[in-house]
Amino acid sequence: MAGNEYGGYSYKFVDADLPEKYNCAICTFVARDPQQVICCSHIYCSSCLLKHKQKSGSLFNCPSCREPLDGRYFPDGRIQREIKELRIYCPNDECQWKGIIKDIETHITECPYQSIECTNGCGENLQRMKMETHVSEECLKRIVTCTHCEETGVHEIISTNAHLDVCPFFPIKCTNDECDVISPRNKLSVHKRTCPKSIVTCEYSQCWLF
């Protein structure tokens, strides 16, 4: 995480009063990948300068002094090194980390308060410290095993009617009145053939005596 996708660093700096020499003359943030223009020595983010060039077309002039800029700027390595050593706070409000800009990427990959996407692919974004519980206990995409047939699959299928309505070992109550037998789905038909509560047709039901 580097502040903004475009422009300078928008982090909260430990030193609130930074020298203006670090600021991009376009976005006014501390410059990212600073470029110094030869005409007036102002500093710009490389992305800000590129966007300015794309918008300006053939009239690519310095935003500060209006002098032509084509080929008249260069990466300012000295300013870049100084900026990378500036101390900042972690952008995640609850985190107490403080460090230098060049270490922020490493910190973000470990920060317990950083929002990350669920590794199961459910689309949820949670703080890293909450992800383990989510993945193993809450995620609809977590892998679970059916307690009846031991088939494995994602929770949103295995633990819902999508699976339970066809699970061969799901317990089903006999549909005959007054029968309390509960049988696995794949054995229910066997039970019903011998269920004492089954309704049967008398073989003499069509017999009439005169």
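The backbone N, Cα and C atoms fix where each Cβ goes, glycine too.
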Of the ranges 62-105, 106-149, which one does TrEMBL list as zinc finger?
106-149
If I take every residue in the domain 'RING-type' (24-66) and average their pLDDT values, what number comes out?
94
Under 8 Å between C-beta atoms and at least six residues away from its ends: which parts of the chain pack against the zinc finger (106-149)?
1, 90, 92-95, 97, 99, 155-156, 158-159, 163-164, 167-171, 184
